[in-house]
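Asks: Shown below is the structure under consideration.
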Amino acid sequence: MAMAKNVVVIGAQWGDEGKGKIVDWLAEEAGGVVRFQGGHNAGHTLVVGGKKTILRLIPSGILHEGLDCFIGSGVVVSPEALLGEIDELNAAGVKNVEGRLKIAPTCPLILPYHIALDQAREASRGKGKIGTTGRGIGPAYEDKVARRAIRAADLLHPEKLREKLDAVLAYYNVQLQYLHNAGPVKAEDVMAVIEKVAPRIAPMIADVSRVLNEKNKNGEKLLFEGAQGALLDIDYGTYPFVTSSNCLAGAASAGAGVGPQMLDYVLGIVKAYTTRVGSGPFPTELFDEVGAGLAERGHEFGSVTGRARRCGWFDAAALKRSIQINGISGMCITKLDVMDGVETINICVGYELPGGGKTDILPCGSDAVETCKPIYETMPGWRESTVGVKSYDALPANAKAYLKRIEEVCGAPVAIVSTGPDREETIVLHHPFA
């Protein structure tokens, strides 16, 4: 049987682009949905039939009855957050969540000492805060790279786990007590958490890499669900105001345990304007009533943290960088309806640099981006409502012109347009699985 076509969905901006809705929509055709990086530091919001669900760790395909979902080894897993999410889904009537969810044995676990250090560090930074969610993501990735992580497979061997834990806590408690003036974390408290979660987590641990490769050989389509956004990538984002993982399409290969030849189509999710949460440079940020209007109409508050998002004009130069580093096959433009009624629209097509130079692509690193002054093209907006429009031809002429100009400046085609939060409020120009 021929190998199935597989799709990677990534955020192409600074996160919060609307990936959850699109993954949920694409999951109709998938045989499996896979998370491959990040942790429970970002929420994916899904609206089905007017009912809202926020997922943080579990793939957005879980609402589809009978669909298998996977958490690959690139994800750092908080057992308590995971079980809390499962309990929420069970209470909402979602069937057989634990039976359909598989976790790679190689996933690093987020435990109480990660959270303690994450929060103590951020408190110590004062004005230099990075904007971490304080959920232990960064310290858990540090442990992975430093080869001291306690991983999902360790839950199957509690006698060996205690030895590892004692060694890890010796390292953590020195930092907590002497660098951050915080209290130590007790091994007994961590073991109490582990003993509570292990019986439920253990049955979900499986060789995710093998299962995914078998599914692909059997002709099942796979959907890889990214978290955060490409401009928050640890290597290519506005460092150090970034997340702790690789958020790019290429990370799906390593983070899920599949070969790169299995990644057939990369769908970049792109908001019709730009937002950013927390600290870091943002060249097109708006500080006027237009920005406030976008925030209000777009409900721009983090689904996990509740933090207000900063809003700005569409940044095509930043998106160019994202298209380049991800190999984006097509774009899904979300929240087009939020732009309804904006009289004049600006698109950033490049930046003026110190010394008189210009560039048409976002530089790497926050120091370089801080110095960028946006170069704008102006377009007329539209007064008509695009809310819930399901046909491209039914869009206002100026909305279509806006989408066309985004394609021209960025160099990638628009495949999908989202005109509302519900699964059905979607215009399809090219189906990624086609």
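Cβ coordinates come from backbone N, Cα and C, glycine included.
Quantities reported herein were computed from a predicted structural model and do not represent experimental measurements.
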Asks: Among Arg307, Arg321, Arg383, which residue does Swiss-Prot name as a further IMP binder in the site formed by Asp16, Glu17, Gly18, Lys19, Asn41, Ala42, Gly43, His44, Thr133, Arg147, Gln228, Thr243?
Replies: Arg307
Asks: List nothing but the one residue from Thr45, Thr419 whose Cβ has the fewest other Cβ atoms within 10 Å; the candidates are the binding-site residues.
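Replies: Each of the binding-site residues Thr45, Thr419 was scored; lowest Cβ tally within 10 Å is Thr45.
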Asks: Give me the non-local Cβ neighbours of Arg307 (IMP binding site): same chain, 6+ apart in sequence, Cβ-Cβ under 8 Å, ordered along the sequence.
Replies: Val277, Gly278, Phe301
Asks: State the count of C-beta atoms found within 10 angstroms of the C-beta of Leu336 (GTP binding site), not counting that atom itself.
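Replies: Summing over all protein chains shown, Leu336 (GTP binding site) has 24 other Cβ atoms within 10 Å.
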Asks: Within 10 Å of each Cβ, count the other Cβ atoms and name the one among the binding-site residues Gly15, Gly18, Gly43, Gly306 with the highest count.
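Replies: Most Cβ neighbours within 10 Å: Gly15.
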Asks: Among the binding-site residues Lys21, Ala308, Arg309, which residue has the largest number of other Cβ atoms within 10 Å of its own Cβ?
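Replies: That would be Lys21, with the highest Cβ count within 10 Å.
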